[in-house]
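This report refers to the structure that appears directly beneath it.
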Amino acid sequence: MSRLEANGLTLRRGGRAIVQDVSLRMQSGMFLGLIGANGAGKSSLLAMLAGLLRPDAGQVAIDGQDVAGLSLRQRALARGYLPQNPRAEWPVSVERLVVLGLTPQLPAFGGLPAGLQQQVARVLDQFDMAGRAQQSVTTLSGGELARTMLARALVGDPPILLADEPLAGLDPHHAIDGIGRLRAFADQGRLVIAALHELTMVARHATHVAVLDQGRLIAFGTTQDVMKADILRQAFQVDACVTGAGTPTAMVDFVALARRTDG
Amino acid sequence: MVKRLILPVVAVLVLLACCLLSLLVGRVWIDPAVLADGLTTPRTDLAWLILFELRVPRTVLALLVGGSLGLSGAVLQGLLRNPLADPGLLGVTAGASLGAVIAIYFGLSASVALVTPVLGIIGAVLAAALTLAIGRNGTLTMILAGAAVSGLMGAGLSLALNFAPSPYAAYEITSWLLGSLADRGWDQVLLALPFMLAGWACLIATMRDLDALTLGEVQAESLGVNLGRTRLLALAGTALAVGSATAVCGSIGFIGLMAPHLVRPFVGHEPRRVLLPAAFVGALLLLVADIAARLIPSSLELKLGVLTSLAGTPFFFWLVLRLRRMAPS
Amino acid sequence: MRALRASVAARAGALAPVLLGLLLGACGREDVGTEVAIPAKPMRIMSTNMCTDLLLLMLVPRDRIASVTFLAHDAVEVIMPGADRGVAINHGTAEEVVAQQPDLILASPWSTPVMRQLAASTGAPLVEIDSAASFADIRRVTRQMGDLVGEPARAEALVAEMDRKLADLAANPPAQIRRVVVWEGDGNLTGSGTLTDEIIRAAGANNIAGNFPAARHATYSMEELLQARPDAILQGESRFNPPSLRESAGDHRLIRTAFKGRRITYPAALHACGLPQAADAARQLRAEIARVPSGPAPW
């Protein structure tokens, strides 16, 4: 059972508040969809929750422990983090890339212990990449790369996963596949927090939703409670029609008000 | 399993052959049988003196310097994830040169012979520290900072040349800057070795972090890599290893750039697997270059740095063309 | 040779001694200054070359010297301490020619064209003095300088003194002809045609530089040095030379051990400039060689 708490998180850049006074309480089993217009502060909030960005005010606590007091390795063991559009800088094999996700678990010297080797094989299999284990990551399609990166983030079996737009650039088939895996991961008793733009996907798969508008948290609760027309109108400047939020057949349809979303 | 062993075994055999050749080649021809005899029975005869006081230290120095250049090149390419990275790029070589030239210019080398290498290392450390301080925010800023620091050190070198106490000193500085292993001895080996070993320790300590950097800086950091520490280790290691190397044999370019590229087709692109083979190939490259410098007939010995630059520039062009071809994908 | 090169290049602005070596050979003797009348007894003599500086200081009283080069002082301290006290210095620039208003300018055959033009336009006679690479050259140059500055008797006395010492050396040859070679650490070979070679011969030793494959001022390596097995190596004294890197190669561990007790330092200025004191250098060298352990090199 893991808890992640944010208390009064504020981040300022160039005199402007990017994130302002955001407090959240999350725990295992939740799949939190973090939504908001472009520039609402989703990425900054995720980075602060991951302990990668130091807030100007407020604090983040994992299981009651201040993240600032944890070592980098302890943070790495406590949560997985997947940034926006993750890329591989060298043409290494899929398997080696996934193994990098075990960096905090590895002993200081020597190779990969047998137990971890099995973990890698299992996660490759789970993400349908076992057949491509030896292929260079630079030759993968976008969907395959996204799956590989997700496998990389999950191979260490972190109790908390933070993912920044994990579905960006994926076709509908792969997007559905990806968000399904995130939900399944949450159902296994982990906490998953993902910044997402695909509102219908959020309405169908997320258990909880947090909405950011210009750095402020304007709504946080179960999908059913939050995915409502008035909240979406405030956050995205759209006229939205939401049906069946929190069910597998949910739909979110919208037309622009003054400003259109890039969704 | 046997197949995996073939490559390293062949590489080691080639290196051994080159070491032997390096002991045989010189301005004075000594019968290999006499040399072999000199190896087993130490005594002060011509073969012994030439072998043990000149050719062995020269060979050892070529291996150490080449290894340092190859290793730091591989680490810097891994750190910056830029295939064009090289100790010269971060101003380390220029800093070491400036330090050594200051030692010559102020006549400090005359009072204590070892001042030149020590000041060379100090120059390299200062240049590296400056690059690190200005460019600590990211890869691009670090490359830019390296260029700026190189420029600064180059200006310092020009200034030293401008005010050289005599034209002969200026001539010496310029010819020293070309880089050479000629007439080096155990003094230089013993002086550079401790710094090089310390530098290698720093460089090798970055191995795991460099692997994680394959995922980019943000993911590496999320995996527990302390990027500040990694940069510090890489730069300190480069400053120590390349600084001491430059200080004893002048600036030698392109080895650090070439060695990692030459090993990647064989060992893959993972930084961890590139490091030691790159050091090995760097040592081999410099040894071969030094043998070539001795073999190419000329009244003045061809300077080693000139030779590596002549051989390295076409490689650099090839690299740029290849990167350009790969860029759109 | 080194100090000479230095002074030359400082004025010529050229840096590479290799090129200077070519210049030395290429430049002939061309008396540009003869167009202007030279006073019989010039009173404001300006020397723009270190070697003429030294000769001038020996030939005329200090009050007749307008200036000598900034390079002269260190060599003066070795050869004739205090001789340049109170004498102004120049850096061989054209502006100084105008400012110091000399009535005679002494230069080397490779002085800058600007300086020659300027000297011609200011009306000061400029005379180019050859560099001396042999005892015969020294006699000729010393007498030429003596005539120029109106002190032929003084010049004749200097030459006679030198010849007396040389005759003395020749009359009492050393018991054993030792084999020596100059090792400066930069691999430059000091062979025949150099003043050093003549001094070595006058000292009664054999300069084995001639045995090396290359001729005058070519290079040789430490390996070849060892193979040649000289009885002693000569190293220029650096007291008046700016510090330089070649000393570290001259001070190589191998040189220290292999030539223990067989390293002779010589006053570089006396070998670089053709002065009557070259005879003293030969005398000094003979004494030093006599102290070298007898028997061949130990390896």
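Note that Cβ sites are derived from N, Cα and C of the backbone, with glycine treated the same way.
For B:60-80 (among others), the entry in TrEMBL reads transmembrane segment.
Annotation source TrEMBL lists transmembrane segment at B:87-108 (among others).
Feature annotation from TrEMBL assigns transmembrane segment to B:114-135 (among others).
Feature annotation from TrEMBL assigns transmembrane segment to B:142-165 (among others). Under 8 Å from some Cβ of the transmembrane segment (B:142-165) lie the Cβ atoms of residues 80, 82, 85, 88-91, 94-95, 97-98, 101-102, 105, 107, 123, 127, 130-132, 134-136, 173-174, 177, 231, all in the same chain and six or more residues away from its ends.
The feature transmembrane segment is assigned by TrEMBL to B:185-205 (among others).
Long-range contacts of the transmembrane segment (B:232-254) within its own chain (CB-CB distance under 8 A, at least 6 residues past either end) are made by residues 61, 64-65, 68-69, 71-72, 75-76, 79, 86-88, 90, 92-97, 99-100, 116-125, 127-129, 131-132, 176-181, 184, 188, 191-192, 195-196, 198-203, 205-206, 209, 286, 303-305, 308-309, 311-313, 315-316. The annotation transmembrane segment is assigned in TrEMBL to B:232-254 (among others).
If you look up TrEMBL, you'll see B:274-292 (among others) marked as transmembrane segment. Remote same-chain partners of the transmembrane segment (B:274-292), defined as residues 6 or more beyond its termini with a Cβ less than 8 Å from a stretch Cβ, comprise 11, 14-15, 18-19, 21-22, 25, 58-59, 62-71, 73-75, 77-78, 181, 200, 203-204, 207, 210, 252, 255-256, 258-260, 262-264, 266-268, 302, 304, 307-308, 311.
The transmembrane segment annotation in TrEMBL covers B:304-321 (among others).
The largest share of C-beta pairs under 8 angstroms with the transmembrane segment (B:185-205) comes from B:60-80, of the ranges B:60-80, B:87-108, B:114-135, B:304-321. Taking Cβ pairs closer than 8 Å, the transmembrane segment (B:60-80) reaches residues 19, 22, 86-87, 89-90, 92, 139, 142-143, 181, 184, 188-189, 192-193, 196, 199-200, 203-204, 206, 210, 213, 230-231, 234, 237-238, 241-242, 244-245, 248-249, 252, 255-260, 263, 271, 274-276, 278-287, 290 in its own chain, all 6 or more past its ends.
Packing against the transmembrane segment (B:114-135) from elsewhere in the chain are residues 90-100, 102-104, 108, 141-146, 148-150, 152-153, 187-188, 191-192, 195, 231-232, 235-236, 238-240, 242-244, 246-248: each is 6 or more residues past its ends and has a CB under 8 Å from a CB in it.
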